[in-house]
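Shown next, in structure tokens, is the structure this report addresses.
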Amino acid sequence: MDSSTLRKRVPASTLLDWKTVAPAIGASVRKLDPRALITNPVMFVVWIVAVLASLLLVRDLVAGAAGIGFTLQIVLWLWFTVLFANFAEAIAERRGKAQADSLRETRTRTKAKRLLVPGNTELFEMVWAEELSPGDLVVVEAGDLIPGDGEVVEGMASVNEAAITGESAPVIRESGGDRSAVTGGTTVISDRIVVKITAAKGSSFLDRMIALIEGAARQKTPNEIALNILLAGLSLIFVFAVATIPSFVAYAGGTVPFVVLAALFVTLIPTTIGALLSAIGIAGMDRLVRFNVLAMSGHAVEAAGDVDTLLLDKTGTITLGNRQATAFRPLRGVSEQELADAAQLASLADETPEGRSIVVLAKEKYGIRGRDLAELRGRSIPFSANTRMSGMEVGASWVRKGAVDSVIAFLDSPPVDTGGNVAQALRPRLGADAVREINAIAEEIAKAGGTPLAVAKDGRLLGVIQLKDIVKGGIRERFAELRRMGIRTVMITGDNPMTAAAIAAEAGVDDFLAQATPEDKLRLIREEQAKGKLVAMCGDGTNDAPALAQADVGVAMNTGTQAAREAGNMVDLDSNPTKLIEVVEIGKQLLMTRGALTTFSIANDVAKYFAILPAIFVAVYPQLGVLNIMGLASPQSAILSAIVFNALIIVALIPLALKGVRYRAIGAGPLLRRNLLVYGLGGVVTPFIGIKAIDMAIVALGLA
Ligand SMILES: Nc1ncnc2c1ncn2[C@@H]1O[C@H](COP(=O)(O)OP(=O)(O)OP(=O)(O)O)[C@@H](O)[C@H]1O
Ligand SMILES: [K+]
Ligand SMILES: [Mg+2]
């Protein structure tokens, strides 16, 4: 599976696309509103300078002062500077807009079949989807749109999720297991399910997705805020630097007009990065969406760029997740029929995919017919990630199935509530031989990557159910790629160490943790974080939810449970854990782009200082003539070329801000050196060339 199989939902629109550019121009003007600009300190300062310069222009016009043409040009370019910055942001926002519009179309008015009596799928009322509230049960049949986000509580169906994933291959959604979440706006294509609505109106997955893509939900990340403060600080220094200039000039008997100071100031402050910062952030989120990953916060995207450790759960994340029973392996002295019968009884009320597959195997291979639960008058013991067992109790008789060590431990210390008679009955039967034999069978299954489930009935070990799960295709190469990027992969699973080891070896993870409870998963993340590591976690189950919430980057599989999807700060619509490679690359690209353009911007400003100051001062201090290596035509053309260059460089860098600096897995050190060279040196050199060229053009056009 190379990155080309990760299909991009919408082709990246080109910058020359008029449909993108035209509305962005309108938005740039609307964004001149100072209330919107205030979050961008550098641009806000430019805005203030532009307003002051405009007022002076009006005053000069009224007074009929000389040299209006020059002032007018400076004022115009000051406004262009702000407009170009707004344009960069608007273009970045536009790119998600088309996609949000197409998502909105899927949000048509839907009718829902709301159950009147829980448990009876025949009795329902028709209501509008908007009328549903969390807790409502709806029945959804083949051909129906799922009316809202929720959890499948009954049945199994294949669902077409193309509306949100862009992928029309049907996916299975079923109750009980880790594939129970359904999304409003997707379509059931076969069978019938009962869905318990979980999302309130207006906060559905689709709504959140639209808000995210449009950038409405975007908040500045701590890094962005820090950078903004730094840039504001730099601007403040230049306020003082520029404010002292008039006194130097006055000393030599000259004066400097305000517009010249204003233009000088704006060319010296870090306007380039100030203008592009927001666009860089939006483009990062947008790039993720193209890879079918929804990031709930920009912070998660940034953290992804620095991830050290990736934790993944096994079933459903590394493996396909439909662990199917494939064989019954009885102990000596137990018939396959007897084991199959007990296994079936233990699974009758087990709504997990594992449980259902056991009932199916017992029926298909051993002809064991379904028993009526109600008739049995049994008490079902549901599966939990903590006990790692499930089963049934009928009177004094009982069956359990589950992780081998859990079942053995259970036999060793029966819970008091099952009654003293049970405790009496079992002790003598749990011989060392049986334990040895069951471990041998379990080992054989586990070594092949299967999950062994021990079955015990009335204190007696009967044998093992073999569950088979398949490692997702192409995962090995992708983990190798993560290793090259310097990321350690760790599989954490509730399964036994031997199965874990086999799957870990097959998938090619660096390390694994077996028999992990949800608390263990959480603890492992905290430990890594305490060592100063940034941790990403991919998971799908409700038992992964605490870990997903704790991780710096929590990627929930879209196929997972609602709890997992809400706990993480990213959702992968394709449920492909190796997508983390793209997520990390996009994160790194975002950080690098921001770093590169900051370097470029500051190098640029420093260079401009040396390019234009001699030209401005040469009139009052002729000795500075030797420094005027650029040979700019006049102080006026020097200042005009500088402000024009300063504004145009923003537009010139928009494509780079949106596309991002290319990431290569060559290690942090060499990468930093390379970027410093390209963007630092480039930042120093470009103004000299650019300003000289513009100066020549200005002279040729007779503008100054
Ligand atoms: N329906 C079930 N009934 C009894 N035991 C089960 C059932 N499903 C799983 N088990 C046992 O419980 C163990 C833990 O399962 P669980 O699904 O909680 O693992 P997990 O922590 O999610 O790990 P992963 O999903 O990565 O494999 C399994 O390895 C298996 O031995
Ligand atoms: K500048
Ligand atoms: Mg799981």
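Glycine is no exception: its Cβ is also placed from the backbone N, Cα and C atoms.
These figures come from a predicted structure and were not determined experimentally.
Other C-beta atoms found within 10 angstroms of the C-beta of D313 (active site, 4-aspartylphosphate intermediate) number 30, with every protein chain shown included. Summarising the annotation, TrEMBL assigns active site, 4-aspartylphosphate intermediate to D313.
M389 (ATP binding site) counts 21 other C-beta atoms within 10 Å of its own C-beta, drawing on all protein chains shown. Sequence annotations record features per position, and here TrEMBL assigns ATP binding site to D350, E354, F383, S384, A385, N386, T387, R388, M389, S390, K401.
What TrEMBL records for D540, D544 is Mg(2+) binding site. Around D540 (Mg(2+) binding site), a 10 Å sphere centred on its CB holds 32 further CB atoms from the protein chains shown.
Per TrEMBL, domain 'P-type ATPase A' is recorded for 124-214. Secondary structure of the domain 'P-type ATPase A' (124-214) per DSSP, as helix, strand and coil residue counts: 17 helix, 39 strand, 35 coil.
Under the heading transmembrane segment, TrEMBL lists 37-58 (among others).
Here TrEMBL flags 64-87 (among others) as transmembrane segment. Residues of the same chain lying 6 or more positions beyond the ends of the transmembrane segment (64-87) and with a Cβ under 8 Å from any Cβ of it are 24-25, 27-29, 31-32, 37, 40, 43, 46-47, 49-50, 53-54, 56-57, 257, 259-260, 262-263, 266, 271, 274-276, 636, 639-640, 643-644, 646-648, 650-651, 654, 703-704.
Sequence-distant contacts of the transmembrane segment (225-252) (same chain, at least 6 residues past either end, Cβ-Cβ under 8 Å): 40-42, 45, 261, 264-265, 268-270, 273-274, 277, 594, 598, 602, 617, 620-621. Annotation comment: TrEMBL describes 225-252 (among others) as transmembrane segment.
Here TrEMBL flags 258-282 (among others) as transmembrane segment.
Annotated transmembrane segment per TrEMBL: 609-632 (among others), in sequence order.
Residues or ranges marked as transmembrane segment in TrEMBL: 638-658 (among others).
Taken from TrEMBL, the feature transmembrane segment covers 678-703 (among others). The list of residues near the transmembrane segment (678-703) in space but at least 6 beyond its ends in sequence, with Cβ under 8 angstroms from a Cβ of it, reads 69, 73, 596-597, 599-604, 606-608, 611-612, 630-633, 637-638, 640-642, 644-645, 648-649.
Mapped onto three states, the DSSP output places A385 (ATP binding site) in coil. Taking Cα separation as the measure, T387 (ATP binding site) is nearest to D544 of the recorded positions D313, D540, D544. Of the recorded residues, M389 (ATP binding site) and D544 (Mg(2+) binding site) place their C-alpha atoms 18 Å from one another.
If you check the recorded positions D313, D350, F383, K401 against D544 (Mg(2+) binding site), the ones with a Cα inside 10 Å of its Cα are D313. Of all Cβ atoms in the shown protein chains, 22 besides its own fall within 10 Å of the Cβ of D350 (ATP binding site).
Comparing local CB density within 10 A for the binding-site residues F383, D544, the maximum falls on D544. Not a single one of the binding-site residues D350, F383, A385, K401 has a C-alpha within 10 angstroms of the C-alpha of D313 (active site, 4-aspartylphosphate intermediate). When the recorded positions D313, D350, F383, A385, T387, K401 are checked against ligand 3, D313 have a Cβ within less than 6 Å of one of its atoms.
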